[in-house]
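**Q** Have a look at the structure that comes next, please.
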């Protein structure tokens, strides 16, 4: 009886060890990819089989687009913000936030959002991966890198 118990225990231990997989930390907001996807060097969301269980799981049907909520995949495969899919005309335009930067970012003289290490704990914390764009909700980054208010993405009414 003891030998059967020991064999059973050993088999359970081996299965438990085999079940442990290499877990990667989830993506920070950049890239805006869904779970199990990572952003490649060209900015596209690609399936990461190792981050999703490796050889233990079958690769699921590809989610097209593999972008987070409020993002859609453009023709080149990049995830871009979809202002209509995220509120459209359903919300009133809120008061303008100045500066329109996320927490730990400040607006510099040219209007760009830059990381403020002192406002976020100074030398006690490492500078996080840059959030691209580092703009608050209802703001988008224009071609020059400035955060500008996006009334359509925040529910502005059609005129």
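Placed from the backbone N, Cα and C atoms, the Cβ positions cover glycine too.
Pasting the feature list from Swiss-Prot:
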type     : residues : note
DISULFID : 33-45    : disulfide bond
DISULFID : 36-52    : disulfide bond
DISULFID : 67-79    : disulfide bond
DISULFID : 70-86    : disulfide bond
DISULFID : 101-113  : disulfide bond
DISULFID : 104-120  : disulfide bond
DISULFID : 135-147  : disulfide bond
DISULFID : 138-154  : disulfide bond
SIGNAL   : 1-18     : signal peptide
**Q** Nearest to residue 135 (disulfide bond) in three-dimensional space, by Cα, is which of the disulfide-bonded residues 86, 101, 113?
**A** 101
**Q** Indicate whether residue 147 (disulfide bond) is helix, strand or coil by DSSP.
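**A** It is in a strand.
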**Q** Among all chains shown, work out which of the disulfide-bonded residues 36, 70, 86, 147 has the most CB atoms within 10 A of its CB.
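**A** The residue with the most neighbouring Cβ atoms within 10 Å is 147.
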**Q** Near residue 33 (disulfide bond), which disulfide-bonded residues out of 67, 79, 86, 120 have their CA within 10 Å?
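**A** Passing the 10 Å Cα cut: 67, 79.
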**Q** Which ones, of the disulfide-bonded residues 36, 104, 147, 154, have a Cα no more than 10 Å from the Cα of residue 86 (disulfide bond)?
**A** 154
**Q** Rounded to the nearest Å, what's the C-alpha distance separating residue 120 (disulfide bond) and residue 147 (disulfide bond)? Just drop the number here, would you?
**A** 20
**Q** Among all protein chains shown, how many Cβ atoms are found within 10 Å of the Cβ of residue 104 (disulfide bond), not counting that one?
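**A** A count of 18.
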